[in-house]
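Below is one structure, written out as structure tokens; comments come after it.
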Amino acid sequence: MTEDNALTDGGLSDEAQAVIDEIEEKNVDFLRLQFTDILGTVKNVSIPASQAEKAFTEGIYFDGSSIDGFVRIQESDMRLEPDPSTFAVLPWRKKENSAAGRLICDVFNTSTGEPFSGDPRGVLKRAIERAEELGYDVNVAPEPEFFLFEEDEDGRATTVTNDAGGYFDLAPKDLASDVRRDIIYGLESMGFDIEASHHEVAEGQHEINFTYDDALSTADNVATFRSVVRAIAAEHDLHATFMPKPIPRINGSGMHTHISLFKDGENAFHDGDDEFDLSDTAKSFVAGILDHAPAITAVADPTVNSYKRLVPGYEAPVYIAWSDRNRSALIRKPAARTPAASRIEARFPDPSCNPYLAFAALIHAGLDGVEKGLDCPDPVRENIYEFDEAKREEYGIETLPKDLGGAVDALEEDEVIQEALGDHVFEKFVEAKRSEFKDYLVDVSQWELDRYLETF
């Protein structure tokens, strides 16, 4: 992550010049300038590599009114400024002896010259700045899960999984090991540090873990990860999806998100004298996330389908609690081999989220707990799924919203998470999600037809 933009008054920064040199060295002939809209969809404009210097010194202009959640047509001129630290060569070639590169961009208003308040990457930058004002650096490590499905004869996605494997299975049950290997090769060529990959619990479900990094670089990596997984799966005639629950009555896909704060180079979450090896800072950070969890859910689990995953019985968290060992809790404190690895794991985000907005919401919520010195409730070490309502009330355990509408209601009542998003993103996000939930409510599903059409 760079401190400053590469855009200068006619000259190139050293980092931008290094990218120009690498473009020439690696025979890159096209560049994809990438950014993300409010809903988390990656957008891009392609330019010839010969225009790279101009992109760095002048930016690339585009019509922001055509991007969901950006601006109205009468204020539509926007400018992309590439971040040179994000340059990577894409792991596929359209022809021999040439390559395409990728740069992630920040979005600016042309009228004011200021960062665009609706740019999700800018939203996360503001959250990081808030942490830095308190003396903290934020590290994040996500675990995005995905499904691989067969394509039909027309190349369209089906819900037929490409294998019948289960958790940690090997071939022949796991038929996607070669696909995962190719994905890993592609990711590594783009600078990812891969820790492990494996078949997940559900048929056709997979996970590839990459190491933690600062929050902005990690959000960039999530956006890149999803694009690379889809592209390489397609080369194997498979469709990769990060939809949280594509098949009913089996485990859905989550994106467990590990977070830690560092201060002066030391892990601020570690306290070796504590029963759980957690500092007061860590406990207050956990308390902040628990306090704002209903509102965060709207951002971290942003689709109607997300709430088909967030039900008891399929290893997805539903109850607002934390534990040092229990995976039925919303937040878990994983075992750490070293003090530097101390962290907390938020288990409720899913991979359909906009990573920039989800990380920003989690950071703001946690820091709110730290600033207020919130007390963390006692950990719950029992299986919360087995609690009845009376026992949950005894423990003071509340539940996450049961649907997208309830989550958006919670977001509209939570000033901290609204502040995390900023006025523009909050307004446009709520507008989009209200519309999505309304569309869902008026639709008639196949389940309803199967259940009622011949009964009544």
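Each Cβ is built from the backbone N, Cα and C atoms, and glycine gets one as well.
Here is what Swiss-Prot records for this protein:
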DOMAIN    26-113  domain 'GS beta-grasp'
SITE      R72  site 'Important for inhibition by glutamine'
DOMAIN    120-456  domain 'GS catalytic'
BINDING   E143, H256, E345  Mg(2+) 1 binding site
BINDING   E145, E200, E207  Mg(2+) 2 binding site
BINDING   E195, H258, I259, S260, R327, R332  ATP binding site
BINDING   N251, G252, R309, E315, R327, R347  L-glutamate binding site
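When the Cα atoms are compared, E200 (Mg(2+) 2 binding site) and N251 (L-glutamate binding site) turn out to be 9 Å apart.
Using CA atoms as reference points, the binding-site residues E145, E207, N251, E315, R347 were checked against S260 (ATP binding site), and the closest is R347. Reported as a whole number, the C-alpha separation between R309 (L-glutamate binding site) and E145 (Mg(2+) 2 binding site) equals 13 Å.
Listed in sequence order, the residues E143, P144, F146, H198, H199, V201, Q205, H206, S253, G254 complete the 8 Å Cβ shell around the Mg(2+) 2 site centroid, once E145, E200, E207 themselves are left out. Contacts of E207 (Mg(2+) 2 binding site) defined by a Cβ separation under 8 A and a same-chain sequence distance of 6+ are given as E143, P144, E145, F146, S197, H198, E200, in order along the sequence.
In this structure, the CA atom of R347 (L-glutamate binding site) is 4 Å away from the CA atom of H256 (Mg(2+) 1 binding site). Within 10 Å of I259 (ATP binding site), judged by CA to CA distance, lie the following binding-site residues from the set G252, E315, E345: E345. Annotation note: E143 (Mg(2+) 1 binding site) sits in a strand segment as assigned by DSSP.
Between the CA atoms of E345 (Mg(2+) 1 binding site) and R327 (ATP binding site) there is a gap of 10 Å. The binding-site residues considered are H256, H258, R327, R332, R347; of these, R327 has the fewest other C-beta atoms within 10 angstroms of its C-beta. Across the structure, R332 (ATP binding site) and E315 (L-glutamate binding site) place their CA atoms 13 angstrom apart. Taking all protein chains in view, 24 other C-beta atoms sit within 10 angstroms of the C-beta of R309 (L-glutamate binding site).
You'll find the Cα of E315 (L-glutamate binding site) roughly 23 Å from the Cα of E195 (ATP binding site). The Cα atom of E195 (ATP binding site) lies nearest to that of H256, taking the binding-site residues N251, G252, H256 as the candidates.
In the three-state DSSP scheme, R327 (ATP binding site) falls into the coil class.
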